[in-house]
Each structure stands twice: as C-alpha cells, then as structure tokens.
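Marked as S-adenosyl-L-methionine binding site by Swiss-Prot on the basis of similarity to another entry: TRP35, TRP39, TRP46, GLY73, ASP94, ASP122, PHE123, TYR138. Annotation source Swiss-Prot lists phosphoserine at SER85.
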Amino acid sequence: MAEEQQKAGHSNGENIIPPEEVAKFLPETVEEGGWEKCWEDGITPWDQGRATPLVVHLVDSSSLPLGRALVPGCGGGHDVVAMASPERFVVGLDISESALEKAAETYGSSPKAKYFTFVKEDFFTWRPNELFDLIFDYVVFCAIEPEMRPAWAKSMYELLKPDGELITLMYPITDHDGGPPYKVAVSTYEDVLVPVGFKAVSIEENPYSIATRKGKEKLGRWKKIN
C-alpha cells in the first residue's frame, strides 16, 4: 500500500456524506459555480482524503493492467498516486484547477512523482496522442447529468486502446432522487457501454466499500471489443 496515501489521508471513511444527503445541497453549489467552486469552498463530500480502498486492493493484488492508465475526475489525486508505478504511468484528469493544485501540493514530492501527471482538461473533448490501457471511473458517471451518459461511454471508447480495460466502481446504487450524485444501476452502465463496443467481463459487489457506501456499490470490469 502506498505510504503517501496514509500520510495524506484525513478521513477514516466514516464521515463521507451519503448520496441521499449530498443531493440535498450539492446541486446548488454546482449550479452556482461548478465543480471548481466546490473545490474552492471545500465542499467535496466525495473526497475520502485517501485512495479508494478497492483501488488499493487491486494494486496490492496486482489485478490492474500495466501500461498507461487514466483516472478522469481525479480530484485530489489519491487514486492516481495509488495506481502509479514504474510499470504503470497514470494520468489524473480534472476540470478543476483548484482540485489539481491540491493534488500537486499533496503529492508533488512523492517518490512516485515520475510515474504520474495531472492534466486540466475536459474528459468529453480531450483526446491525447497516446491512448490508454486502463481507465478507472468512480465519480464521473454519477456526477454528470444522466443524458450525458452516452457521451461518457463514447469518450471511454475513444480514449482506450484496442482491447483496453475500463473499470467502473458503480455508485450510488440507491433509489434517491436528484443529484449529483445521480443514482445508478448496473443496467444504466450496460445501456450506454454495450452499444459503443464494450463487453462486461465481471460485475461484482465491492467488499472494500467504506462504511457509508456498503451495499451501494458494484465493481464492473469491461473490455473494449471492437
């Protein structure tokens, strides 16, 4: 497990606001100033202050593809650094300058620094010269308006190499109204990913969910097949 994650972490996972509560106040903040405003004002209930426990497990168990990896909506950069290694170069992507400044401040002196980078770009329009072997999405799908999900799937397809892998941590699987975060289901991922050329390799419960998210998450692993 990456030592930097433990030093930077300020949350034990118990104070993360459940989606049914976040949905009551976060939309107003997003509407007023966007995600940048959230980061400027410190209204980031989705930020665990450390790497996602599932990501740490996948890294420690050598269960992630090597090569180039992308973490869209990387925020404070915790998962980016957890994934980074000499065999895996990770790009953390976000539209918030404040989020990326925080990430750089936290991890700029990390021993892993040469194995990751942070980029301020729009996931829906950014197309780098080199594609990715792996993309990990936890927060983008549930944060965007539901009508944008087909465009999300299209971007995933265009950013992955042939036979690349998309890992989705599906959250929140709840019945709450409104958002962000907007409620999701396995079918909402299937409905947009399968038509563009993805195949589900596995859909499983997340045994490493933090306390407030237990029973509300599933791990999906998808392969780009055409």
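Keep in mind that glycine also has a Cβ here, set from the backbone N, Cα and C atoms.
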Ranked by how many other Cβ atoms lie within 10 Å of their Cβ, the binding-site residues PHE123, TYR138 are led by TYR138
Cα-Cα distance linking ASP122 (S-adenosyl-L-methionine binding site) and SER85 (phosphoserine), given in Å to the nearest integer = 25
Binding-site residues compared (ASP94, ASP122) - the one with the fewest other Cβ atoms within 10 Å | ASP122
Looking at the recorded positions GLY73, SER85, which one has the fewest other Cβ atoms within 10 Å of its own Cβ?
-> SER85
